[in-house]
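Here is the structure we will look at.
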Amino acid sequence: MNVFRLLGDVSHLVAIIILFLKIFRSKSCAGISGKSQVLFALVFTTRYLDLFTSFISIYNTVMKVVFLVLSYATVYLIYLRFRSSYDSESDTFRVEFLLVPVAGLSFLENYDFTPIEILWTFSIYLESVAILPQLFMITKTGEAESITTHYLFFLGLYRALYLANWVWRYHTEGFFDQIAVVSGVVQTIFYCDFFYLYVTKVLKGNSKLTLPMPV
């Protein structure tokens, strides 16, 4: 554990908590992509199957359980508790265009051809693209509430910090996880334009992030 990994975990947790509290307190999931949240729940489910097979540390176990509980609680709020506020007409990204290639790639490129390892690899690949339905939804509507952009910012910050963590581990331990690093770079690239808009608009006090050319 190093400072980049710790801060990355904290940023990830903050992002999930921000989104959950936003929905729970406002009693609305307007502007939130339910499809992205289902994909993230699937990411955590397939990645944390080792909860039943191995123990690393109390910290590791607690964080995994918290991520699982919050992700499924968020999905519950979107599709059941506050379903009437869910904008399904704008959340139209075709997730099968993500799931099929990711599933195929996880069978072709992995470290060990076992069910647990393939599912772990699937989770890594899927996480790199799971945010696309949310970004597509923002592009389609042309705007996003500031609280939603805060969520996306911390989610992107988590990925950037994890990249720093991998660089640190490579220089100090000689450790390099090609699958995780490449997937992390791809995911971080998706946030680049958003980071620019976040800094130039949201941090200057705009209550909403509005795109120049809504689609």
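Glycine too: its Cβ is placed from the backbone N, Cα and C atoms.
Listed in TrEMBL for this protein:
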{"type": "TRANSMEM", "residues": "6-24", "note": "transmembrane segment"}
{"type": "TRANSMEM", "residues": "36-56", "note": "transmembrane segment"}
{"type": "TRANSMEM", "residues": "62-80", "note": "transmembrane segment"}
{"type": "TRANSMEM", "residues": "120-139", "note": "transmembrane segment"}
{"type": "TRANSMEM", "residues": "151-168", "note": "transmembrane segment"}
{"type": "TRANSMEM", "residues": "180-199", "note": "transmembrane segment"}
**Fill in**
Outside the transmembrane segment (62-80), at least 6 residues beyond either end, the same-chain residues with a Cβ under 8 Å of its Cβ set are 9, 12-13, 16-17, 19-20, 23-24, 29, 32, 34, 37-38, 40-41, 44-45, 48, 51, 86
**Message:** Please identify the stretch among 6-24, 36-56, 151-168 with the greatest number of Cβ pairs below 8 Å relative to the transmembrane segment (120-139).
**Reply:** 36-56
